[in-house]
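Only one structure is covered here, and it is reproduced in the block below.
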Amino acid sequence: MITAAAVPWQHRTVLLHEAVDALVQRPAGVYLDGTYGRGGHSRLILERLDPAGRLIAIDRDPEALANARSGETRIDDPRFSIHHARFAEFESVLDEAGVGQLDGLLLDLGISSPQIDNPERGFSFRFDGPLDMRMDPTRGQSAAEFLASAPFERIKEVVRDYGEERFADAVAKAIVARREEGRPVQRTAELAALVAGAVKTRERGQDPATRTFQALRILVNAELEEVEQGLNRALARLAPGGRLAVIAFHSLEDRIVKTFIARHAREVYDRRMPYATPAPLLMRAVARIKPGEAEVAANPRARSAILRVAERTDVPLPVVVGRYA
């Protein structure tokens, strides 16, 4: 277990040029970076924009905002603004900024290298630190707080469904047993050791704690709900011809993105009415891109990334019961 001694990090933006190349089709347009991180995508987007272009960025992590405003990666550009929000809340940010429709929206899901490599954030089993895992430490329940109070069945469900861990039952039992001894799990090293004892087989090249840590992070940050809500709201805010670019890092997120694009970009016929005209398509699938060998060699964390790109058509959104369908 690595301690909290200063571990230098170098954040490498995954699929940087591929995402921005696909996203920016109108240099004078208005764009949203829904997951600013350390600003890699935002910087390149700004390079591609005309003087009349505009980029709005949001991030839920206060450290990302502080870095964007005054840190080493500060962006000083009149076309740029950054706001503290979850990406599912982006519509309120646009409303406050007086923006109606977007020419492009980028989501880079998952966590950044600075978050992973900071022991105090509690995201990684490689470092000993408080078991927090919140992307926004100012609100919500930490992973330790969840494990200290959740019943066995709920812990098992989270580890099984969000971590796709086949030893979820054993992991949950070990966590609850320790809690009943009066020693609730409070640190990353404690959880990693507990999971290592509960997971009976090893996956090649993967720490036994990987799936459990992923599951808790997804739960604590409501990551899957964020993706679903953000995508549905993006559909209403993208201008005709506007692009949606989403980078996912695990199968649960990517499945949501893939299903969303397919649902709105695939012709659907009602089998009960074989001669009926299919509903007009709201989106057009543009690309599915994975990192090349060179990028994966330089940045192993890019290995699981998938970029999916879709374009909004000019078909108006149907309105159902006072809201968008």
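Placed from the backbone N, Cα and C atoms, the Cβ positions cover glycine too.
Database features (Swiss-Prot):
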type	residues	note
BINDING	Gly39, Gly40, His41, Asp59, Phe90, Asp108, Gln115	S-adenosyl-L-methionine binding site
Gly39 (S-adenosyl-L-methionine binding site): secondary structure state under DSSP, collapsed to three categories: coil
Gly39 (S-adenosyl-L-methionine binding site) CB neighbourhood, other CB atoms within 10 A: 24
Proximal but sequence-remote residues of the same chain as Asp108 (S-adenosyl-L-methionine binding site) (Cβ under 8 Å, at least 6 apart): Thr13, Val14, Ala19, Thr35, Gly37, His41, Ile247
Greatest inter-residue Cα distance in Å for the S-adenosyl-L-methionine-binding set Gly39, Gly40, His41, Asp59, Phe90, Asp108, Gln115: 22
